[in-house]
């Protein structure tokens with residue numbers, strides 16, 4: 001579940017990419033989306049945020065000017081630049097105006113989340129739940145382990161990531177494309193068919209510890225981790 005008290009401002013003019021990034025960041029925070037530099041500058045200067053993720057090439061006002069305006073106004077909110085501009089000169093300019101981190105597109109979902117969380121931790125903000133509980137199944141986020149009662153469930157990286165994503169969205173239908181985008185990333189070179197392979201392995205391992213039918217397939221629709229909050233199982 002997102003920590004609703006943590007607020008991130010996302011400034012990105014590409015609506016599809018803005019929506020995709022917002023969906024990623026909404027796993028850890030409340031996200032305000034804006035699509036041009038003028039609105040971004042207004043929000044950054046006038047409203048309180050814990051972190052700002054900012055593109056550089058924006059209509060109406062570029063990202064460097066937004067950051068400079070913030071720093072000139074003595075606003076020290078951490079800023080992560082997320083841009084296709086990947087030259088050393090561009091990175092130097094970003095840090096010179098006051099950015100705290102710089103990530104180039106295309107990017108991996110995991111790297112974006114890790115960098116965002118690192119900046120928030122540096123600011124003294126903890127976004128992480130320590131554990132997700134689904135009955136007697138526990139997902140331990142700090143060390144990426146899973147237990148059912150006292151039994152350990154040995155999951156590999158992507159199996160674990162799928163389980164976390166479904167658990168955070170329990171009782172919600174999730175499509176194969178959504179799982180692929182969240183777990184493999186927007187720029188992955190593999191195909192969505194890999195989702196079925198990892199889901200089948202995940203199901204088999206859960207069934208070995210008595211968690212039969214925890215993850216259901218809805219034909220031609222998607223997948224759902226179903227859990228009755230009143231159930232003891």
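Note: Cβ is positioned from N, Cα and C throughout, glycine not excepted.
Annotations in TrEMBL come from automatic prediction, not curation.
Going by TrEMBL, these are the annotated features:
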type     : residues : note
DNA_BIND : 129-227  : DNA-binding region
DOMAIN   : 7-120    : domain 'Response regulatory'
DOMAIN   : 129-227  : domain 'OmpR/PhoB-type'
MOD_RES  : 55       : 4-aspartylphosphate
The DNA-binding region (129-227): DSSP-derived helix, strand, coil residue counts: 35 helix, 24 strand, 40 coil
Restricting attention to the DNA-binding region (129-227), give the mean pLDDT. 89
